[in-house]
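Student: Quick one: the structure is below, questions incoming.
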């Protein structure tokens, strides 16, 4: 992973424009996301929050504008960026036919990790005793925690998370917030969407980007 101890700005957006079905979701949106930042993307349903996250992750192309990682266009440093990026969409990305342990093992190995204790990691998300349970038999909250477990064994600098608190109880949300703070304090950044209020991450620590769409 990239050593960024001397680099402050991790991800930058320059004049990003996104248009969907004759609606301008956002227009010439520019901002810098620095090491230590926790960023919440806000806006009504349909405002383009998920679209913006996907553009920042390099999974979708904007109508106009550019996204940069360490001041280089992500299209020119794709491999380096992907190594330092963890993206979790609003869908859990968990295979129902695999156990919780198998899902975590799969997700960590495809991310390049080979030295980890799946049982210990699952215990951190309150899934101790459910290691061998098929994901398809888990509750919605357990399903989501299975997806989120990889955050507890990850050294990517950039975390992009779409609705990470969905189906998570209050205690679980607080544990995630603490993890986000720890990740930011260690020089990473967290970019997320959520419809829930956060209790631990206060406004003086949280930066917000507001989206409001309009018709062309």
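Just so you know, glycine gets a Cβ as well, placed from its N, Cα and C.
The domain 'ABC transporter' annotation in Swiss-Prot covers 11-216. As annotated by Swiss-Prot, ATP binding site applies to 43, 44, 45, 46, 47, 48, 49, 50, with the evidence given as sequence analysis.
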Student: Does residue 49 (ATP binding site) have same-chain partners at least 6 apart in sequence with Cβ under 8 Å from its own Cβ, and which are they?
Tutor: 41, 42, 43, 162, 193, 211
Student: Of 43, 44, 46, 48, the binding-site residues given in the record, which has the fewest other CB atoms within 10 A of its CB?
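Tutor: Comparing Cβ neighbour counts within 10 Å for the binding-site residues 43, 44, 46, 48 gives 44.
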Student: Going by DSSP, is residue 44 (ATP binding site) part of a helix, a strand, or coil?
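Tutor: Looking at the DSSP assignment, residue 44 (ATP binding site) belongs to neither helix nor strand, so coil.
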Student: Radius 10 Å, atoms counted are CB only; among the binding-site residues 45, 50, which position scores highest?
Tutor: 50
